[in-house]
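Below is one structure, written out as structure tokens; comments come after it.
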Ligand code: 5RP
């Protein structure tokens, strides 16, 4: 199977996982990226079986609406059973690097609200130690240089993601050459830098379920 077929398989597995728990008034949290897009396209086939969705980006909101799925503002939603999203890296402890698509802040907010975070990823995303994928950090534009200097002190090599503005109007620094042995500690340290909006380390709040696409089929890892 190629990578797209693995993404398709985990998207289907996520549908199979959540569908039995959905009712006509359920709202589903939906992530951003190519794997999430496969999920959205499948979710569209079941739009009569739930109420609507909360989107982690403008791009996802657009795609959901094209399928006729109502998109709600998170502020008006007080019960979110599932959040389904991809990842750039995932460990066996279900800690993640996310933000390759620059949607990390809204992704982290929706993940925080959801009771169950279902991460879907092809097998290439599975790592023992996080950090080979450059760690995205969303930053208030005027703090970019200051935050970059602070990230260097933490051992990383930040690179400004040229030409990218997040849905929140901010910029992204991608931090290279990290070998993240203490994900919770690093998440907290980066969050504490003034000017940082969000770091794409999902360690303090990891996924609850990881559906991993492999040549042998979809493997489910749970916390
Ligand atoms: C977007 C994300 C994505 O989930 C992550 O980049 C994985 O994307 P893809 O499914 O395209 O590999 O965090 O901000």
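Note: Cβ is positioned from N, Cα and C throughout, glycine not excepted.
TrEMBL annotations: computationally assigned, not manually curated.
Listed features, source TrEMBL:
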- 107: active site, proton acceptor (ACT_SITE)
- 32, 33, 34, 35, 85, 86, 87, 88, 98, 99, 100, 101, 125: substrate binding site (BINDING)
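Positions of TrEMBL features highlighted on the structure.
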{"residue": "32", "record": "substrate binding site", "Cβ contacts under 8 Å, 6 or more apart": "55, 56, 57, 59, 60, 85, 86, 101, 103, 106, 107"}
{"residue": "34", "record": "substrate binding site", "Cβ contacts under 8 Å, 6 or more apart": "4, 7, 86"}
{"residue": "87", "record": "substrate binding site", "Cβ contacts under 8 Å, 6 or more apart": "96, 97, 98, 119, 121, 125, 202, 207"}
{"residue": "100", "record": "substrate binding site", "Cβ contacts under 8 Å, 6 or more apart": "33, 88, 133, 136"}
Original post:
Where does residue 32 (substrate binding site) sit by DSSP, helix, strand or coil?
Top reply: coil
Subject >> binding-site residues compared (98, 125) - highest count of Cβ atoms within 10 Å >> reply: 98
**OP:** Between any two of 32, 33, 34, 35, 85, 86, 87, 88, 98, 99, 100, 101, 125, the residues recorded as binding substrate, what is the biggest Cα to Cα distance in Å?
**Re:** 16
Subject >> Number of other Cβ atoms within 10 Å of the Cβ of residue 85 (substrate binding site) across all protein chains >> reply: 30
Original post:
How many neighbouring Cβ atoms, not counting its own, are there within 10 Å of the Cβ of residue 107 (active site, proton acceptor)?
Top reply: 31
Subject >> Any further residue of that chain within 8 Å (Cβ to the Cβ centroid of 32, 33, 34, 35, 85, 86, 87, 88, 98, 99, 100, 101, 125) of the recorded substrate site >> reply: 31, 36, 103, 121
